[in-house]
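Single-structure report; data block below.
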Amino acid sequence: MRVKGIRKNYQHLWKGGILLLGTLMICSAVEKLWVTVYYGVPVWKETTTTLFCASDAKAYDTEVHNVWATHACVPTDPNPQEVVLENVTEDFNMWKNNMVEQMQEDVINLWDQSLKPCVKLTPLCVTLNCKDVNATNTTSSSEGMMERGEIKNCSFNITKSIRDKVQKEYALFYKLDVVPIDNKNNTKYRLISCNTSVITQACPKVSFEPIPIHYCAPAGFAILKCNNKTFNGKGQCKNVSTVQCTHGIRPVVSTQLLLNGSLAEEKVVIRSDNFTDNAKTIIVQLNESVKINCTRPSNNTRKSIHIGPGRAFYTTGEIIGDIRQAHCNISRAQWNNTLKQIVEKLREQFNNKTIVFTHSSGGDPEIVMHSFNCGGEFFYCNSTQLFNSTWNDTEKSSGTEGNDTIILPCRIKQIINMWQEVGKAMYAPPIKGQIRCSSNITGLLLTRDGGKNESEIEIFRPGGGDMRDNWRSELYKYKVVKIEPLGVAPTKAKRRVVQREKRAVGIGALFLGFLGAAGSTMGARSMTLTVQARQLLSGIVQQQNNLLRAIEAQQHMLQLTVWGIKQLQARVLAVERYLKDQQLMGIWGCSGKLICTTAVPWNTSWSNKSLDSIWNNMTWMEWEKEIENYTNTIYTLIEESQIQQEKNEQELLELDKWASLWNWFGITKWLWYIKIFIMIVGGLIGLRIVFSVLSIVNRVRQGYSPLSFQTLLPATRGPDRPEGIEEEGGERDRDRSGQLVNGFLALIWVDLRSLFLFSYHRLRDLLLTVTRIVELLGRRGWEILKYWWNLLQYWSQELKNSAVSLLNATAIAVAEGTDRIIEVVQRVYRAILHIPTRIRQGLERALL
């Protein structure tokens, strides 16, 4: 009974053990995921970077120096690539776009740079004795004669090449460029910016004509473009593409009206950072341009006044003919139609309120009037006629009416305080002759009056002055992103690594204690080497940045333009991005690989999604956002894993190196010797068995029965050869059995001898057989060749005979045919000759 109870208990224990083993097997069967590095994944992040410019080489005149310095830009790509991003939704915000700030800074720097080598007009900051230029007609008209006092003839004392001598000169100035010194005396004036700014005269051959500039992203960066036709500049865009450069943007410096820009593809679009905030500017993009033609009809002349060694001041000398006022013409029908479309959009935004357009509320001339550059002169046009209407339900209820053309009176200003900067002013030299220019109005800048929301009227005025809004009207659909080509994701693949395992210890292991320590010390510095590699890269980049700052500080000496600096910066950025990525790939042991497995296990705390949900349902952008908070941790673990791998390899190499001195005494070497010996013995035994079997088969074929391998049997003699006796000295035949031997070495020698003899006989027989076969094949081949040669000769002769027979038959047939033709011709000829004779005979018979 006791034995049966023990057996029952063992049965329960056996079942429990099997169940536990099955559970362990199931748990161990769960697939483990490992971190895999991917290079070149489509992931980007918003960033700010230095953009460089591209421009059409044929877009500028080489005779003059354009203020935009586009000759320093790279040529435009004749086939620009635009890649549409399917199923991508991206956020855009034109009001927080660093591209706008960068363009603003670039344009200001370009203007400043173009003025650096030009003449400073400090000697002209003297008292000017001015009087009004007499006009033949003082009628104030939009397109008639200029108002009295608009142009002043001023005389002043100027020091020329000799410092102690003063000479009196005169020049014509516009009213906007001078201010009275004393209100009591209307004859004493000074230049408008002398008390606040240093006035620099624009160089004579500088042109202000806007040239399209393409902003381009350096390598490692990209520009995203929103292609929604009704995009308001802020929010999500579902039609996104990536480009390397923007479209050509003309840096037109103007206020109130946007000139020569891009048009909306469908309806008019209005954009604002916040429509409820009346302090925010409203940018209007038209869908159809409105032509504006401007002219300065006065025929001006230009003269130069020397104000020092190598310096000249250019001013208006005389005005030939009538002094007529500059003006601009706009089609009233086109303008009213444009306002009607703008009103529709404004009423949608402001709850169908009455829309009122009115003139500017005041400020600097650049704000109050529509200012722009026309042919080198800076026009300031009164835009009251454009913004003087009330719209109720998209119908114009009141406003200035007139003929079909709106004529805007314009004034000209030569001293420009650009960009509202303090301490800097520019004097634009007068342009001789008449000036005409034509532009396209593609947008408006509006401001809304504040007040209580209960009012049913919204008043809008022309705005401007901040050139950033001009650039926003073109850059609203772009944003710069940084490409992040490195991505990590879980996979089932694991990197094969060198494990730290115990070596077999031989006699030389006694010396490996301290010798191996030297290798461990070198391997322990791998962390330090990693840090040094990172610091080295940072030092290179920092050195390049310092060099760029030095070049930028000394660019007036190096004659580098703003675009040249930006191109250098863009190249450095590209190199930096590449080096950074390659540095990480090298630290991780992934150099030159696009897909790199690692030995880092995937932690489900980073993401517990399954492989199918990751690889089949998520984009790289979504996955990057999923693990964004753990990316640095994963990078660190990959780096530590690679460091451990390199340390293991280093220690393994160290052990191999020092163990080689004592390899004859290492147990691994002796195991190798034993393995070779066993292989040799096994081979001999196998050969012995094979040849024994062959010998037995051979003997059986000859009529002998297989006996023991070591039994000596005398060969039987033939009936014609009787056996000899011991006393007789007859000749003995060779026995077929060998002599019995004793000992292992003797047996090996006999076997090897038999093996070599057997191999020799078999190879000889094989060689003889091959020789006979080759001889037979050669003989047969020669006979076949002779047969084919005879056959070829026979058929050649037959063909020759057939050809000769054919030619003979043809010749005979031709000869017979020729004879018949000749006979027919002769008969015809004789008949013709006999015709007169027949006629004569017929006449004779008739007469008889």
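The backbone N, Cα and C atoms fix where each Cβ goes, glycine too.
Record features, source Swiss-Prot:
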- CYS53-CYS73: disulfide bond (DISULFID)
- ASN87: N-linked glycosylation site (CARBOHYD)
- CYS118-CYS203: disulfide bond (DISULFID)
- CYS125-CYS194: disulfide bond (DISULFID)
- CYS130-CYS154: disulfide bond (DISULFID)
- ASN134: N-linked glycosylation site (CARBOHYD)
- ASN153: N-linked glycosylation site (CARBOHYD)
- ASN157: N-linked glycosylation site (CARBOHYD)
- CYS216-CYS245: disulfide bond (DISULFID)
- CYS226-CYS237: disulfide bond (DISULFID)
- ASN239: N-linked glycosylation site (CARBOHYD)
- ASN274: N-linked glycosylation site (CARBOHYD)
- ASN293: N-linked glycosylation site (CARBOHYD)
- CYS294-CYS328: disulfide bond (DISULFID)
- 294-327: region 'V3' (REGION)
- ASN329: N-linked glycosylation site (CARBOHYD)
- 360-370: region 'CD4-binding loop' (REGION)
- CYS374-CYS437: disulfide bond (DISULFID)
- 381-410: region 'V4' (REGION)
- CYS381-CYS410: disulfide bond (DISULFID)
- ASN382: N-linked glycosylation site (CARBOHYD)
- ASN392: N-linked glycosylation site (CARBOHYD)
- 452-463: region 'V5' (REGION)
- 454-463: region 'V5' (REGION)
- 504-524: region 'Fusion peptide' (REGION)
- CYS590-CYS596: disulfide bond (DISULFID)
- ASN608: N-linked glycosylation site (CARBOHYD)
- ASN629: N-linked glycosylation site (CARBOHYD)
- 654-675: region 'MPER' (REGION)
- 714-735: region 'Disordered' (REGION)
Close recorded positions near CYS130 (disulfide bond), where close means Cα within 10 Å, chosen from CYS118, ASN153, CYS410, CYS437: ASN153
Length of the line joining the Cα atoms of ASN608 (N-linked glycosylation site) and CYS410 (disulfide bond), in Å: 70
Work out, from DSSP, the number of helix, strand and coil residues along the region 'V3' (294-327). 0 helix, 28 strand, 6 coil
Please list the DSSP helix, strand and coil residue counts for the region 'CD4-binding loop' (360-370). 4 helix, 1 strand, 6 coil
Could you tell me which of these glycosylation sites, ASN87, ASN274, has the greatest number of Cβ atoms within 10 Å of its own Cβ? ASN274
Within 10 Å of the Cβ of ASN608 (N-linked glycosylation site), how many other Cβ atoms can be counted across all chains shown? 9
Per the 10 Å Cα distance test against ASN87 (N-linked glycosylation site), the recorded positions ASN134, CYS194, CYS226, ASN239 reduce to ASN239
So among CYS53, CYS216, CYS237, CYS294, ASN629, all listed as recorded positions, which is physically nearest to CYS118 (disulfide bond)? Use the C-alpha atoms. CYS53
Counting every protein chain shown, other Cβ atoms within 10 Å of the Cβ of ASN392 (N-linked glycosylation site) number 17
ASN382 (N-linked glycosylation site) to CYS590 (disulfide bond) - Cα separation in whole Å: 67
Hey, of CYS53, CYS203, CYS237, ASN329, CYS596, which of those recorded positions are within 10 Å of CYS216 (disulfide bond), Cα to Cα? CYS53
Fewest other C-beta atoms within 10 angstroms of its own C-beta: which of the disulfide-bonded residues CYS130, CYS216, CYS381, CYS596 fits that? CYS596
Reported mean pLDDT - the region 'V3' (294-327): 83
If you rank the glycosylation sites ASN157, ASN329, ASN382 by how many other Cβ atoms lie within 10 Å of their Cβ, the lowest count goes to ASN157
Can you tell me the CA-to-CA distance separating ASN239 (N-linked glycosylation site) and ASN157 (N-linked glycosylation site), as a whole number of Å? 65
What are the DSSP helix/strand/coil residue counts across the region 'V5' (454-463)? 0 helix, 6 strand, 4 coil
What residues, ordered by sequence, lie under 8 A Cβ-to-Cβ from CYS53 (disulfide bond) and sit at least six positions away in the same chain? THR70, ALA72, CYS73, VAL74, ASP106, ILE213, HIS214, TYR215, CYS216, TRP563, LYS566
